[in-house]
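Participant: There's a structure below that I have some questions on.
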Amino acid sequence: MKASSGRCGLVRWLQVLLPFLLSLFPGALPVQIRYSIPEELAKNSVVGNLAKDLGLSVRDLPARKLRVSAEKEYFTVNPESGDLLVSDRIDREQICGKQPLCVLDFDTVAENPLNIFYIAVIVQDINDNTPLFKQTKINLKIGESTKPGTTFPLDPALDSDVGPNSLQRYHLNDNEYFDLAEKQTPDGRKYPELILKHSLDREEHSLHQLVLTAVDGGDPPQSGTTQIRIKVTDANDNPPVFSQDVYRVTLREDVPPGFFVLQVTATDRDEGINAEITYSFHNVDEQVKHFFNLNEKTGEITTKDDLDFEIASSYTLSIEAKDPGDLAAHCSIQVEILDDNDCAPEVIVTSVSTPLPEDSPPGTVIALIKTRDRDSGENGEVYCQVLGNAKFILKSSSKNYYKLVTDGALDREEIPEYNLTITATDGGKPPLSSSIIVTLHISDVNDNAPVFQQTSYMVHVAENNPPGASIAQISASDPDLGPSGQVSYSIVASDLKPREILSYVSVSAQSGVVFAQRAFDHEQLRAFELTLQARDQGSPALSANVSLRVLVGDLNDNAPRVLYPALGPDGSALFDMVPRAAEPGYLVTKVVAVDADSGHNAWLSYHVLQASEPGLFSLGLRTGEVRTARALGDRDAARQRLLVAVRDGGQPPLSATATLHLIFADSLQEVLPDLSDRREPSDPQAKLQFYLVVALALISVLFFLAVILAISLRLRLSSRSDAWDCFQPGLSSKPGPGVLPNYSEGTLPYSYNLCVASQSAKTEFNFLNITPELVPAQDLVCDNASWEQNTNHGAAGVPFASDTILKQAPPNTDWRFSQAQRPGTSGSQNGDDTGTWPNNQFDTEMLQAMILASASEAADGSSTLGGGAGTMGLSARYGPQFTLQHVPDYRQNVYIPGSNATLTNAAGKRDGKAPAGGNGNKKKSGKKEKK
């Protein structure tokens, strides 16, 4: 025993020290395995036999579970042959781009034992990309005066391949005027240059078309082409020419600034840029430049300022036209000024009401406007209007006076300021006009409620958060100004109790930050919802509401709790009995535990911490089932002890321990000496149980007396003499219908029959049939024929007769434990779940005697049986219906002894079959219940 424990300790130390020793000796670490494949391999193509290269046997592959571990799995492992297969498209250009070396690194994992191997797959490039130019056609313009030897760089072709498969050379089709040279950028990319070999002549060839080809180094090589279109441009050898040498024009003095006067035009026989002409004033005084403007591109001449006949009656303008080659032409323009209406009206604003409230009604007077014109007659008549705004109009109040009024609703949030252009025009021909801009500021009123950025909010908060921590922030905006736009936040409603909400959360009135007032507990409160309000400071104040849902996340803050085995008064576990002839895999007992947490934190696992005989028992990792791992040996002790740890799935995990005491015995008589040696103190709850039994008995007696008193008062208050007929000698009845009471206050209505025999002192109170639904009241008569007639109208047509009342159905066996659930020596040997317990008459009588003895000894604390009063140191074994097949759930670990939730075998009674147990056993069970 000591030698085996020493070897186990040495193995544990080696498992701990092995990773550190391997890190000290890098040569001992696994070597990376490299493969080389071309890109674009078909799916399921074999890269290599990974199992063979790793030194793994094909027979061990199912147990080792060799697989690929990578973020994107381009490869997979055949579980049968161990071949490394291609599982996805491998495009070298997409994965590695232009890198010269493309390597896919990934890990492979093997279990039992767990090993990680490092694999590198070198992806070789194939010539799967054609060189391509950015443009299918390249347009160039070259002047005919360009000197030979001039170079013209061209855009390079693009080839996604690398190495020999990438772009290698360019070539140009045969021609007389151009040659091709290859250049290289600092980063190594090749690009072509076009070289002019001979001088160009536009009159001989105005257009040249070439074909440029890019070729890669693949086998076979691939190529791409583009067309080069060269247009020969002309040289500047012709000057501009005006259509006229002298231009004459007449202007009225009242023409406004910007008025079109004349457009001069010059032509050039050259082409392209050499034919572009610019116009400018030539040798003119500053007065001409002050009153006239010349467009240098179009030759348009416009007035620059108001003309006045009294200042100058004519102007002479000299214009020069010049091309890019400095070849020029000149002309002159004679401008004569005619006297006319040259006084524009004036606009004067006398008063302006600003700022203007945005809730001003239509027709509100804003300003008074006065107009004035120094001309007379029709030229002095002025018309005034507002330009470009439909919300304001001018109303004439008297001659030359106008009122500016509103003509629509205003909204400061839409337009906070208006720039109104008021124009006055006289009646001259052509008319003159002037304008003035009136700026109106719109003042704010509280006409907008706050608006939240989201329609609803949801936040996740982990439980056990620090009190005072911020868990969310809401934000609402109000387009109003000043106090009307200042928003404050508050909590107005919640699905919690009104007094509890302030103890859970609060909100900052200024920032909208929601704070936790206490630490949340996921087990008590998983989610709650708040209604938050944003309210501005306007008068009257406007508000808006939004919902905030808080989800409390679970943390691993609850340790597992062991439900079985239950601890005795001294804290020790109960005993379980195991047959000596138990085969390996025999279900001994089951450790049942629960965890108050949820999700992964409630996944429980069971582990053996200590065993008096290692290797004798095995423990289910997820089920908690304790089974025999081997048969009981001659040297194994009859009493065994297991220390079991229950851990949850949290990080870090929490755990609880339970101690199992197991006794190998074939009968109850063999267990008694072991149990008698282990005298336990009396149960501290025995006195409390005694008081509860006494209280229950008193309540039952009081209830029974109340029922008798109610029946007596009912009979005494009855005014009908025939209600006493049933108590006369013989059963008599009264003609006419009586009322059969329908007792339906519970979940199922019952029918009752109370009859008093004429020559007997017994009263039979028979529970008849359970009616599936409420039935109408029937007549109560005492003769047999009438009674049978009334009962035939009962629920669902259930027959009711005297022989039916006397016949009793066999007891339902659903209450019995299955063979796997019974304590004692039954174990799992008998597969009949309907068998009775105990198995023989001797065990039954012995067990009844022990129950009576332990019950009497529990009252004075002298019980010698382990496990507390009435337990006899034995515990019910849990059957295989608790086997955890899928993800563990703590609800599957809970079993309530005596509950019919896990008892099956109700089909035997439905089919009319008698239970498997004998009549003798049924009677003994009835005795136990009475005792």
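Quick reminder: no glycine exception, Cβ is built from N, Cα and C everywhere.
Quantities reported herein were computed from a predicted structural model and do not represent experimental measurements.
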Participant: Based on what Swiss-Prot says, identify which of ASN419, ASN742, ASN900 is the N-linked glycosylation site one.
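Facilitator: Record lookup in Swiss-Prot returns N-linked glycosylation site for ASN419.
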Participant: Looking at ASN545, ASN769, which residue has the N-linked glycosylation site feature per Swiss-Prot?
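Facilitator: Residue annotated N-linked glycosylation site in Swiss-Prot: ASN545.
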Participant: What are the helix, strand and coil residue counts for the domain 'Cadherin 1' (31-133) according to DSSP?
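Facilitator: Taking the domain 'Cadherin 1' (31-133) as a whole: 17 helix, 40 strand, 46 coil.
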Participant: Given the model, what does the mean pLDDT over the topological domain 'Extracellular' (31-691) come out as?
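Facilitator: Averaged over the topological domain 'Extracellular' (31-691), per-residue pLDDT gives 87.
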